[in-house]
Amino acid sequence: MIFEIIVRDKKTRARLGKLKTFHGEINTPVFMPVGTQGAVKTLSPEEVEKVGAEIILSNTYHLFLRPGHEIVRKGGGLHKFMGWEKPILTDSGGYQVFSLARLRRIDEDGIYFNSHIDGTRYFYTPELVMEIQKSLGSDIIMPLDICLGYGASYWETKEALEITLRWLKRSIDYKNNSNMDHQLLFGIVQGGFYKELRKEAVERMLNIDLPGLALGGISVGEPKDKMYEIIDYTVSLLPEEKPRYLMGVGAPEDLVVGVSMGIDMFDCVLPTRLARHGVFYTSKGRKNIKNAQYKEDFSPLEEDCDCYTCRKFTKAYIRHLFLQHETFSYRLLTIHNLRFLFRLMENIRKSIREGRLEEFKKEFLTEYLRDDRENRLEKEELWSKLLI
């Protein structure tokens, strides 16, 4: 059994589980930090492990362009290449092709696109994506799919779904004939924000024996309430026995709400990206280290945080470093933001085990959203909906 459910929450769809991979077990629900180029930005693999990561995500598209999957293969695979011994999930790069690449063109065979780096023309196919991920040797792999932005028409979304499903079959065929048994291929449920299409995608995927299912096409410009609505609906259709992966979503409030809806796996660039812009997480919302109020603040970023940053340094010191563009400040903020999310996931798992996830969710959201001054009106509206 690849995925084992240990505890089911009685009041929500949340589950406590273990996902077995070639490079070890993962406790779920789990957050995966993103190491796009084969490294979590500013941190060493040892630091990433110390903050609590059990699995990381790397990007097929970026590693294909640089250094090239053949280089990684010759280096012994991605684990050895980057010095990470725990599980790795690689996404297909489909989202990046649609968001970064120039002059892309899609047909039944694949995607033609120009590299965002130097304009080189490439042809990205389901088979090539599988070949790249075979060379990388990642534990969990994703098929090429078409990810559309919010607002795409019904017929555009339906056509994209049909192609995505056909590409999934081609990906499975390639994997089955390529000595990739140790790699877990998840399916990606697309369908945009049309419930009928999401339902069709799930029903057709249930006829295929996949070890896990991912929700794609989420967090692509839609309002938060619409995002939660489509997540909740789609998860209600998914089989209990398979892990559920919500792609590209990982704000603190999204983790708590997503777990209560039945999501097992999350990834997001937000904690590392925000850190490089001076933003850090606290139990009372996001704060910005550049603010003048921290000039003579000799307290840690978060009083009860056990991370290296909070044990050793003050807001005043980190603010000083950040304003001088010292890269050490990016590292310190990244360590804190990731540890904040991993502590949050630890508390979520503990609350599921103790049968009090709903209470924890209300306590966390009340504290986290109430004092967040950024986008105050939007946050207050979201807060009222989440606590219903």
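From the backbone N, Cα and C atoms, a Cβ is placed for every residue, glycine too.
Cross-referencing 66-72, 248-254, 290-296, 353-359 with Swiss-Prot places the feature region 'RNA binding' at 248-254.
When His277, His325, His336 are compared with the Zn(2+) site residues Cys305, Cys307, Cys310 in Swiss-Prot, the one appearing in that site is His336. Within the listed segments 82-86, 112-116, 272-276, Swiss-Prot records region 'RNA binding' for the stretch 272-276. Note: the CA-CA distance between Tyr95 (substrate binding site) and Cys310 (Zn(2+) binding site) rounds to 35 Å.
Remote same-chain partners of the region 'RNA binding' (248-254), defined as residues 6 or more beyond its termini with a Cβ less than 8 Å from a stretch Cβ, comprise 31, 95, 218-219, 227, 266-268, 270-271, 281, 340-341, 344, 364-365, 368-369, 382, 386. Sequence-distant neighbours of Asp91 (active site, proton acceptor) (same chain, 6+ apart, CB under 8 A from its CB) are Leu57, Asn59, Thr60, Met142, Met247, Asp267. The residues near the substrate site, meaning same-chain residues not in Asp91, Ser92, Gly93, Gly94, Tyr95, Asp145, Gln190, Gly217 whose C-beta sits within 8 angstroms of the mean position of the site's C-beta atoms, are Phe98, Met142, Leu144, Ile146, Cys147, Ile188, Gly216, Met247, in sequence order.
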